[in-house]
Amino acid sequence: MKAKTITVKLDKCCYDIIIGSDLIAQAALQIKSFFHQKGPHQKRLAIVTDTNVAALHLETLQAGLSANQIHTIPIIVEAGEQSKSFPVLQTIIDKILAARLERGDSIIAFGGGVIGDLGGFAASIIRRGMHFIQMPTTLLAQIDSSIGGKTGINSQYGKNLIGSFYQPQCVITDTCVLDTLPLREFRAGYAEMVKYGLINQPHFFEWLEKNQKEIFSSGPTRVEAIARSCQFKADIVARDEYEAGERALLNLGHTFGHMLETATAYNANRLIHGEAVAIGMILAYQFSAQLNLISPMLVQRVETHLKAAGLPTQLQDIPGELPNAEMLMTFIAQDKKVSNNRLTFILTHGLGQSFIAKDVASDAVLTFLKQKFTKTH
């Protein structure tokens, strides 16, 4: 199958998202073109990856690069959200500086969303900005986090509170790598795909309802779903690179979702990002229904679809105890979307009719969360 190319067009730069099969082995064909742009230069780059991806795919990537006389410095970190931390970031930076990579050299972020965020953030601050390439290996990273330039790490006070906007040179998306992805991780990425339909593409959501089984199987329908999702994300980023307006819609489910990730201390045994987003989207829809913006029937429809994909949708689906509603509210207060101590949520008027709700009353959110806890006990 011929690779698809989607171009992200921004005010100051543009870059391609290349989607196809067996692109890891062929990545050097794309990457070496960036070295030619720099003139005579020893071809060197760092590969930031995690233990899981390294075991499965690093040798294939390095072999292809080596065959094209590109020297690589692999930097392998532990898999999981807990690696999005200052100590791990420091380790990556130290290894890149110790290898004497220059500003004109590149960093490949070869992994899921955690690696993309870590590698991109490191690239943005080392020598005031190195080049970097996204090579996403999870569905979530392929359709969402690798596109748009958001990078960063977590804090004890909340998720993604330390970071930068920093665009890659390109995104190389090998759909074959998804065949080795654990089902739980694929489901988590699917939650972000559903999110795009819920934002402002009701026809896409309906298409997902009809094609969910095919998307979970390797084949052309999966590739189409990935390409459509990437195009949607690319279009929004092109219109609003720094999240001054419309791009905030991409945070549907994320205010509640980040709250839950912080509450579970980023413990993947309890909750991973896409699962948090799935629960967060249902909470956003339930809150919208409580405000009489939508009918409970629509909430049920969306929840039924997420459940059919094997995703959690309720607080009680999270293993272990959660903090009380008051403590959860303190996590929401640290959310990046808070402005002048006013809460901002992405809510909805209907299927594909999401909107940015500013000045949401904190008392209303607290009451809503207390009701959720009452129902779980």
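For all residues, glycine too, the Cβ spot is worked out from N, Cα and C.
In this structure, Asp117 (NAD(+) binding site) is part of a helix by DSSP. Note on Asp117 (NAD(+) binding site): other Cβ atoms within 10 Å of its Cβ, all shown chains, come to 26. Positions annotated as NAD(+) binding site by Swiss-Prot, on the basis of sequence analysis: Gly113, Val114, Ile115, Gly116, Asp117, Thr137, Thr138, Lys150, Lys159.
According to Swiss-Prot, the Zn(2+) binding site annotation covers Glu192, His254, His273. In this structure, His273 (Zn(2+) binding site) is part of a helix by DSSP.
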Inter-residue Cα distance where the pair is Gly113 (NAD(+) binding site) and His273 (Zn(2+) binding site), in Å: 9
Residue pair Thr138 (NAD(+) binding site), Glu192 (Zn(2+) binding site) - Cα distance, angstrom, rounded: 12
Annotated NAD(+) contacts Gly113, Val114, Ile115, Gly116, Asp117, Thr137, Thr138, Lys150, Lys159, maximal Cα-Cα distance (Å, integer): 21
Which listed residue (Gly113, Ile115, Thr138, Lys159, Glu192) has most other Cβ within 10 Å, given these are binding-site residues: Ile115
Cβ neighbours within the same chain of His254 (Zn(2+) binding site) - under 8 Å, at least six residues apart: Val277, Gly280, Ile346
Distance from Glu192 (Zn(2+) binding site) back to Gly113 (NAD(+) binding site), taken between C-alpha atoms, in Å: 12
